[in-house]
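Student: Take this structure first; my questions come after.
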């Protein structure tokens, strides 16, 4: 009865039937469905597997998938086995909207196809890169060789691996690309090439059959001996259990990375059942071991069964496309009706599978931990784990005192058996055979240890040399295309004192006691007679360093200094000009800009300059004037804020100035000067005609600071001369007290010294350019002189303070000038247009000007500012007739600036009649002025007969 209620759902499986990998998948997938439906007997759907053989071929895999979609109408496809086969199947799945679920296609390049219907039920190869990087950090290896197969699987991980190695300053010295069909002789030839290089750390990313032959050949030619490091990616590490015992014997000491699979009872039970079934299905095959790809196949089938049950089986058909006579098989592919829903269901499926937690993020699985294994004896042994949160750890269930600490310590790993079974871990590179080490002389000094520092171990009497110059030399030699072995030998006495000055050290190369000199040795002419220098790797020159003093101005007129004189004049002119423009635009319509001439002139100046503190009390009613004021307020705001900031800086910020600015001043005053012990600067000072009795020597920055603080008169010095690298280091530590003073005297900086005619000079010089132009040099400088940059910036900013010039504001003044001039022109044009009868009249020019001036001085009674409050504004440019007053008018309480307190008897009338009529309250009446009539306050209205422009109109009283 249950069989009749279930709904079959076709699902395709595309694998290589004749490979152990394919056989494992074909056994795990049916077992997963059997286990799933045994525990979920009430589910209504049942997956029906339709298997196809991809025949180890890309075309075969594509043909199999096309057949499944067209003829079987499968709703999903599990497979294929390789990244190369998946590349084409992804396109088919996208076209038919059929999810392609691969449990083994791990190449990162597949992600670039950006197909939402491709689900990677396995890990992306790039996920293991951080774990490999952590191993490099743990053992501090600085070089690596990448060995990978020349196909989609091999190429995908290389960009990620290379970028990650470069991110921790590990140089990829070589990339060995091996063809999948390479013969043993070709593999041997490539291995011999690797054997001649100095790099001994190899990252191997190969497929299983090729990897087995590769390590067998490597062991045969002697590359599994002491000093070699081999790191396997998970593609080989996961399949170690399936390899031949003879291959495992040839891989002793190899490290490997693989995803961690938690051990559970369910997993152990499944291993036993799977092994029994596999032997029954393939009795002639050798006993195989279940690996993680089989577990991923099991979990992928279970996830698909869950997703199909969630979606249901409402519509399992395919929508066919229109087929023409010229259509190909690809054109006839239908579209699954439940494909989009099934895809979303798969992406949201989450459960605990045999391989661990199963959940798809960004179309693929994500691992929470990788296991680091070591090939020992007949198999592998776990030596630690790597997690994204904690880095390298010994056990997954350990208790970390600081859970946010990311560790790359090799101490967290278990005991490792390296190739050749040495008692120490390999350093990652070896010296060329029969090549002697170069003896590199380094100076012994007490101060400025950031450049070179020699320390002795009292127990072993071993020496350790560190410093900026040493790191630069190591980086330069490491960038050479060939290996140059060398060792540092301090130029000192048995008790740790310097054995001579720098000239003596350089001379040892000429005497062939040293093969080179590395340190803070400056390239100078007399030394080049004995050695050849490389190109310099530091800034060049000798500079003078002196104390600085606060030179803040105490002048009573300092308030004038923030602005230059041209900016002061320009600002004053614009204040007056803006005041004039506002007066012109407001005079006829605004009582605040009217009055006696002296009052109006004062208003112009008062109004314009009061805007400087935004204290103007006069209203602005004209739109043109308002527009001008908007622009002017912005200009004034910027100007006043800039002035305030500059003045504040002058009064509060230290204005530091050097106490001495000229070398001639030192000589003239007979001041004491200092130089570093053993430096060539002594000869430079003698050539500059300084009195030798005025020299004082220092050995360290602390001694230099003490001498400068005492001063020349108190047993100290007034100035010190030294090379720029030393001076910058000193300034970085004392930037608030001392500064370098120009000029800088030209010298060639620090360089490495080799014997004259040495063939290394040219290559090392070229390497110096590569290092100094790269990011590595910046990192070295930050490591040793990390505080210099910020301190120098602060010092530089305190040494200068410039006042503000017109160049910084001419743009603002230009905008203000143009807008105000434009508003003035528009205002004048409107006035002339309104009185165009006068302009176009036949009077003389002087009469017209006088008439226009008279009219300009009068109020513009047509403006809204002078209209009666209860009279609607008509917008007409003609004056209104006066209307009879009524009690309602007197109760309006008009603004004083809007209405004139004149009686009706004071109104000037223009026209032929001595009376005027008024419509008030809906009736008409004729009114004659009389003494008995009580005076009524009305607006001062001037009646103008436009047909009699020649009539002289007396001005309204103010």
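Positions of Cβ are set from backbone N, Cα and C atoms, glycine also.
Where the annotation comes from TrEMBL, it is an automatic prediction and has not been curated.
These figures come from a predicted structure and were not determined experimentally.
According to TrEMBL, the record shows the following:
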type	residues	note
DOMAIN	437-787	domain 'Ionotropic glutamate receptor C-terminal'
TRANSMEM	563-585	transmembrane segment
TRANSMEM	627-645	transmembrane segment
DISULFID	735-791	disulfide bond
TRANSMEM	809-832	transmembrane segment
REGION	867-937	region 'Disordered'
COMPBIAS	887-918	compositional bias 'Polar residues'
COMPBIAS	925-935	compositional bias 'Low complexity'
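A description of the local structural setting of each listed feature is requested, covering burial, neighbours and distances.
Tutor: Sequence-distant contacts of the transmembrane segment (563-585) (same chain, six or more residues past either end, CB-CB distance under 8 Å): 593, 600, 603-605, 607-609, 611-612, 620, 622, 624-625, 628-629, 632, 635, 639, 643, 646, 803-806, 809, 813, 816-817, 820-821, 823-824, 827-828.
The Cβ neighbour count for residue 735 (disulfide bond), using a 10 Å radius over every protein chain in view, is 21.
Counting same-chain residues at least six beyond the ends of the transmembrane segment (809-832), those with a Cβ under 8 angstroms from any Cβ of the stretch are 567, 570, 574, 577-578, 581, 584-585, 588, 622, 624-625, 627-628, 631-632, 634-635, 638-639, 642, 839, 852, 856.
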Student: Are there residues at least six beyond either end of the transmembrane segment (627-645) with Cβ under 8 Å to its Cβ atoms? List them, or say none.
Tutor: 562-563, 571, 574, 578, 581-582, 585, 611-614, 620, 804, 808-809, 812-813, 815-816, 819-820, 823
Student: Summarise the model confidence on the domain 'Ionotropic glutamate receptor C-terminal' (437-787) as a single mean pLDDT, whole number.
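Tutor: A mean pLDDT of 80 is what the model gives the domain 'Ionotropic glutamate receptor C-terminal' (437-787).
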